[in-house]
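Trainee: Got a structure for you, written out below as structure tokens; questions coming shortly.
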Amino acid sequence: MRAFYGTELPNPLMLGTAQYPSPAILEQAFRASGAGVATVSLRRESGAGQTFWSMIRDLGVLILPNTAGCHTVKEAVTTAHMAREVFGTPWIKLELIGHTDSLQPDVFGLIEAARILTEDGFQVFPYTTDDLIVGERLLAAGCEVLMPWGAPIGSGRGLNNEYALRAMRAEFPDTPLVVDAGIGLPSHAARALELGYDAVLLNTAVARAGDPVEMARAMALAIQAGQLAHRADPIEARDMASASTPVIGKAFLS
């Protein structure tokens, strides 16, 4: 796995901390998933106080604060600075939403905010689209990680555009890439790892499942399977059949 700003992730799964039925289920799901990174919202921390923060710390995972809910560059930058003070980390998942219904990122504002935050000493994890040019601009702005969406946030649709995600992996072979948003099933997570992505970030698929803890276990196993499959160098798909049984020595009857 590629390093994220010099840090090796203990696990390719990044898991969000919102929407769980209870703090106890959140904790159980995290432990079942083996997730190495927890994404947290400054708004959640402000509302729940030290109890929530203490529980997350006790999980022993890396913390990735986010700027969820921000719609302007100024708002995102301000939220990032506040998060750094609260959580004590230069990591920031930069979310800058441009469309209310689809929650599609505002890529123009995203690039500007990424540049400002990088200059301010942040290590930026930008939630972006699968557009190659946007990816190039984000790297030029100082980002060392890209987080393209699989599908709109919370949609559970999986990987809407595998072609674009494969192209991004090929275009940025040395850059850590994370599929962020849209994962709904373990098979979606496995597929992202099969494509060579370094990690997946998900929240709703686990938190809103009928049994979040069981879904967390399923995600952990799927991610492991996808990672192993990618390492194994799988065969390429073909349009025509290819016999797996040799015909040498086969008897011919007249």
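Cβ from N, Cα, C; glycine included.
Heads up, here are the entries from Swiss-Prot:
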{"type": "ACT_SITE", "residues": "Lys93", "note": "active site, schiff-base intermediate with DXP"}
{"type": "BINDING", "residues": "Gly154, Ala181, Gly182, Asn203, Thr204", "note": "1-deoxy-D-xylulose 5-phosphate binding site"}
Trainee: Once Gly154, Ala181, Gly182, Asn203, Thr204 are set aside, which residues in the chain still have Cβ within 8 Å of the Cβ centroid of the 1-deoxy-D-xylulose 5-phosphate site?
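Mentor: Going along the sequence, the neighbours come out as Gly16, Ala151, Pro152, Ile153, Ser155, Gly156, Ile183, Gly184, Leu202, Ala205.
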Trainee: Residues with Cβ closer than 8 Å to the Cβ of Thr204 (1-deoxy-D-xylulose 5-phosphate binding site), same chain and 6+ apart in sequence?
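Mentor: For Thr204 (1-deoxy-D-xylulose 5-phosphate binding site), the qualifying residues are Gly16, Gln19, Ile153, Gly154, Gly156, Gly184.
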Trainee: Max Cα-Cα distance in Å among Gly154, Ala181, Gly182, Asn203, Thr204, the residues listed as binding 1-deoxy-D-xylulose 5-phosphate?
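Mentor: Greatest Cα separation within the listed binding residues comes to 9 Å.
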Trainee: For each of the binding-site residues (Gly154, Gly182), count the other CB atoms lying within 10 A of its CB, then report the residue with the highest count.
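Mentor: That would be Gly182, with the highest Cβ count within 10 Å.
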Trainee: Give me the count of other Cβ atoms within 10 A of the Cβ belonging to Ala181 (1-deoxy-D-xylulose 5-phosphate binding site).
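Mentor: Ala181 (1-deoxy-D-xylulose 5-phosphate binding site) is surrounded by 25 other Cβ atoms within 10 Å.
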Trainee: Rounded to an integer, what is the Cα-Cα distance in Å between Asn203 (1-deoxy-D-xylulose 5-phosphate binding site) and the residue listed as 'active site, schiff-base intermediate with DXP'?
Mentor: 14
Trainee: What is the separation, in Å, between the Cα atoms of the residue listed as 'active site, schiff-base intermediate with DXP' and Ala181 (1-deoxy-D-xylulose 5-phosphate binding site)?
Mentor: 13
